[in-house]
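Residues or ranges marked as [4Fe-4S] cluster 1 binding site by Swiss-Prot: Cys10, Cys13, Cys16, Cys54. The feature [4Fe-4S] cluster 2 binding site is assigned by Swiss-Prot to Cys20, Cys39, Cys42, Cys50. Per Swiss-Prot, the feature domain '4Fe-4S ferredoxin-type 1' maps to 2-30. What Swiss-Prot lists as domain '4Fe-4S ferredoxin-type 2' is 32-65.
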Amino acid sequence: MAMAIDGYECTVCGDCEPVCPTGSIVFRDDHYAIEADSCNECTDVGEPRCLGVCPVDLCIQPLDD
């Protein structure tokens, strides 16, 4: 499973990018996105780190299959 950023909710603050241990959060086309193929939902710490720093509720959610 992977996480996804809602482009409508994202304020483009950039807080999530530096905390991603896999480098899965990228800035392209004027918004942040999570590359699903490399996102592991930070399984080593129990919760995605991006969720802990994002100031917007429901901006980052599990990716729908």
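Placed from the backbone N, Cα and C atoms, the Cβ positions cover glycine too.
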Listed binding-site residues (Cys16, Cys39, Cys54), ranked by Cβ neighbours within 10 Å, top entry: Cys16
Lowest local Cβ density among Cys13, Cys50, which the record lists as binding-site residues, within 10 Å: Cys13
Rounded Cα-Cα span from Cys54 ([4Fe-4S] cluster 1 binding site) to Cys39 ([4Fe-4S] cluster 2 binding site), Å: 16
[4Fe-4S] cluster 2 site shell beyond Cys20, Cys39, Cys42, Cys50, criterion: Cβ within 8 Å of Cβ centroid: Met3, Cys16, Val19, Pro21, Thr22, Ser24, Ile25, Ile34, Asn40, Glu41, Pro48, Arg49
List of residues, in chain order, with Cβ under 8 A from that of Cys10 ([4Fe-4S] cluster 1 binding site) and at least 6 apart: His31, Tyr32, Val56, Cys59
Other parts of the chain folded back onto the domain '4Fe-4S ferredoxin-type 1' (2-30), taken as Cβ under 8 Å at six or more residues beyond its ends: 36-42, 44, 48-56, 58-64
[4Fe-4S] cluster 1 site shell beyond Cys10, Cys13, Cys16, Cys54, criterion: Cβ within 8 Å of Cβ centroid: Ile5, Thr11, Val12, Gly14, Asp15, Tyr32, Cys50, Val53, Pro55, Val56, Cys59, Ile60
For the domain '4Fe-4S ferredoxin-type 2' (32-65), sequence-distant contacts whose Cβ falls under 8 Å of one of its Cβ atoms, 6 or more beyond its ends: 1-7, 9-17, 19-26
